[in-house]
């Protein structure tokens, strides 16, 4: 005998299904379920008197016989490839399958087997996303990693050695000794980590030795001298060893203008940091490079989105981060040349058009490591409010396309940029199970659970002395996946293929599995998921106005944003 449930009751019991819409936090963004992999009437749910019991939704099948280690039930997945309802099976720390979980002996279409060896996380009522990737990290202090993972970031890429003056300004881990030290330190954290060597050299030998030592890429920074000669040498070495190059260009235009830097690229692929320019780069027109097919452009989060406070805070940040002196007129002029409301406003729109492909933090060096995800969705909200629905959404009720475009900016696209998309960056079978669960009201602000390599690493947790898990104070705390050997067994360290072939991880006794980056040199802007636009960009050198394909790009600064004070009263 069948049983009918109305939509509200069904959603409250098993989560939303096809056609249902969910609001993202307190934004004006709504997503709508496109497909449901579960089976009506055969859904699995854990609890007293519910489905996942022996002989019912739980089979007697052993782990060796095919049962998975963990199932997230009735998950609403938001990823660049879709908005779907499904069960997620996890085995050996990797995503095993997205589909229908249960007991194949009594249920139809089961492709994820629940058995005696299977743990359950209730995904109903939650949005599930891939763990975020922050591809612009100054490794100034290890406490950044705690803040990052608590916000939903599970992979950090950048450079540094701690609060050294060089690291405070540049994302470089220079030389073999420093690279090995940082690789060894990485074992202590439930975080995928990769380090960029210093790329500033007109001769290749010093760059090659860093790649051989284990750098996953190279970083060119103007504070070390990003000249055309250094750019050319760095990209030549990267091409030879299949690693990515990130660049912070010459703000002062000392060694050349943006056209000279573009010429030095010679059509070779490169990741441009803070491509708008407030974080650094040819003043006032570095933003032009986002039109190039070989440039993979990202933003850093202090300019995301453009608000009434953006300009004022940037001047002070810049003086500190780049070791400038407010009493030296030239230093003040340097700072002021980088902060332009016109290009920051244009950056908002270029993100909405899909011309900027990624967002990262620039942690403690003009960026906030715990706000990559928040700032991304605030930008999406601001653009929805100011620009309306996107052209591709005109036939849709919800904001699915915009949501997919923006989530790609801190998940799959930085993974592709840096050659790690085989391992992380999306909810897909075979990838590391780095997964965030969000209550819709808290989406993008405070994750409920952060799963790292199949283990719960951080989670919202109440008083440990309470009789149940929920009494106040409830806040993000490290869980068992963040301790002991679990930190290394559930994470990855990214290195060059050259270092892996030379068995550097074994030589320096790394506990975290090391994997090589790949496919970094034969990609282009066209490979950036939903963020591949290459409009012709023009910048007026006197007014700083930005035009894309002849259209003036301008918008008002936001006076109020969602995902702010109401979420952070405590």
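Each residue, glycine too, has its Cβ placed from N, Cα and C.
Source: prediction; values computed, not measured.
Annotation comment: Swiss-Prot describes 131-570 as domain 'Urease', evidence class sequence analysis.
Look at Swiss-Prot and you will find 136, 138, 219, 362 tagged as Ni(2+) 1 binding site. Summarising the environment of residue 219 (Ni(2+) 1 binding site), the number of other Cβ atoms within 10 Å of its Cβ, over all protein chains shown, is 31.
Mapped onto three states, the DSSP output places residue 219 (Ni(2+) 1 binding site) in strand. What Swiss-Prot records for 219 is N6-carboxylysine.
If you look up Swiss-Prot, you'll see 219, 248, 274 marked as Ni(2+) 2 binding site.
The Cβ of residue 221 (substrate binding site) has 24 neighbouring Cβ atoms from other residues within 10 Å, across all protein chains displayed. Per Swiss-Prot, substrate binding site is recorded for 221, and the stated evidence type is sequence analysis.
Residues or ranges marked as active site, proton donor by Swiss-Prot on the basis of sequence analysis: 322.
Following the DSSP three-state reduction, the secondary structure of residue 362 (Ni(2+) 1 binding site) is coil. Considering only the binding-site residues 221, 248, 274, the residues lying within 10 A of residue 136 (Ni(2+) 1 binding site) on a C-alpha to C-alpha basis are 274. Burial estimate for the binding-site residues (248, 274): highest at 274, by number of other CB atoms within 10 Å. Over all protein chains present, the Cβ of residue 138 (Ni(2+) 1 binding site) has 26 other Cβ atoms lying within 10 Å. For the recorded site, residue 274 (Ni(2+) 2 binding site), the DSSP three-state label reads coil. When Cα-Cα distances from residue 248 (Ni(2+) 2 binding site) are compared across the binding-site residues 138, 219, 221, 362, the shortest belongs to 221. Taking the domain 'Urease' (131-570) as a whole, pLDDT averages 96 in the prediction.
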